[in-house]
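Asks: The structure under discussion is supplied below as structure tokens; questions concerning it will follow.
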């Protein structure tokens with residue numbers, strides 16, 4: 001993966017000038033590593049070979065699964081959904097109950113064969129209202145159709161020791177995977193939260209974690225080679241711009257921008273240590289689709305954005321565009337490939353946004369592979385953690401969501 005800042009003049013000088021600030025931010029972050037409550041366990045997930053073996057054993061023991069239902073919300077669903085959509089090679093059908101709307105829930109229940117369905121309830125705390133509600137609905141369905149065999153069709157992913165979901169799993173003798181204590185939900189994509197669904201999707205888990213290890217390596221590298229420090233500085237230098245657009249040029253990665261939005265917004269939209277409100281608003285975008293939706297605004301709307309484009313440099317396979325008689329208007333496409341068109345559109349949009357005066361940079365992926373995407377996702381986690389230090393906020397809590405939970409309970413109890 002490489003960073004391109006060709007349209008941001010002066011960035012190399014800014015990197016040198018802000019070197020001490022970045023080094024201090026990294027030092028402060030790493031000084032917390034290993035401390036109880038630091039929530040930095042995501043750094044160690046790429047090295048967790050025991051969990052990888054456990055996930056694989058479970059997958060091998062359950063070859064009958066044709067439909068995989070993940071019940072979870074927020075970080076419990078966004079990471080798995082992004083990765084599974086990109087790398088599902090198994091034919092297993094995936095369904096995400098990351099909502100509490102009754103109509104689509106009932107539609108899903110009516111289409112599934114319970115004998116061939118595995119339900120995975122995911123919640124770090126084990127008390128997430130949406131997850132428990134969905135679990136209760138599916139539990140009733142499983143018991144009604146399968147009797148005492150329902151336990152074979154339910155697996156949970158939750159805290160190692162605590163919470164209602166862990167207690168329920170132990171009481172019922174269910175298989176339960178542990179989300180490490182020091183790993184928060186939005187940083188959990190490379191824990192069993194993501195690895196278990198990906199095992200059923202047939203994805204290359206070794207390559208995914210190898211890419212994440214590459215991100216760890218670059219995060220700890222000298223400043224000139226530390227990609228996460230560089231991109232964190234880009235966001236820091238543009239923190240006066242309220243909008244951060246994350247635009248990915250890959251249909252397979254269509255769910256990745258939503259994962260990034262949660263990672264960025266929930267980690268960094270905070271009251272800082274001086275009592276000031278800080279943060280920028282991440283906006284998801286997908287190329288080339290959003291060239292026909294949002295790019296008009298990006299080009300001629302307010303110059304209030306920092307845009308990051310994620311562009312693959314090569315395809316894993318390609319399709320030639322054939323010549324078609326009567327479509328001479330498309331002759332410039334004939335003989336080219338779909339990826340050549342995708343790459344040309346991405347590069348053209350990159351240049352057009354810069355020409356319009358928007359602040360824009362690109363991250364070029366070698367290809368959309370488990371290795372490259374593991375690198376990218378772990379890189380973005382490091383970027384977020386470094387920004388937490390630069391912006392003087394705790395990037396690993398979310399106090400702003402608690403009142404909504406309290407008021408929801410109050411309304412239901414009343």
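Using N, Cα and C of the backbone, Cβ positions are placed for all residues, glycine too.
Pasting the feature list from Swiss-Prot:
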- 266: active site, proton donor (ACT_SITE)
- 292: active site (ACT_SITE)
- 405: active site (ACT_SITE)
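Please situate the listed features within the shown structure.
Replies: In the three-state DSSP scheme, residue 266 (active site, proton donor) is classed as helix.
A 10 Å cutoff on Cβ-Cβ distances gives residue 292 (active site) a total of 8 other Cβ atoms nearby, all chains included.
For residue 405 (active site), other Cβ atoms within 10 Å of its Cβ number 12.
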Asks: Going by DSSP, is residue 405 (active site) part of a helix, a strand, or coil?
Replies: helix
Asks: CB neighbours of residue 266 (active site, proton donor) within 10 A?
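Replies: The answer is 23.
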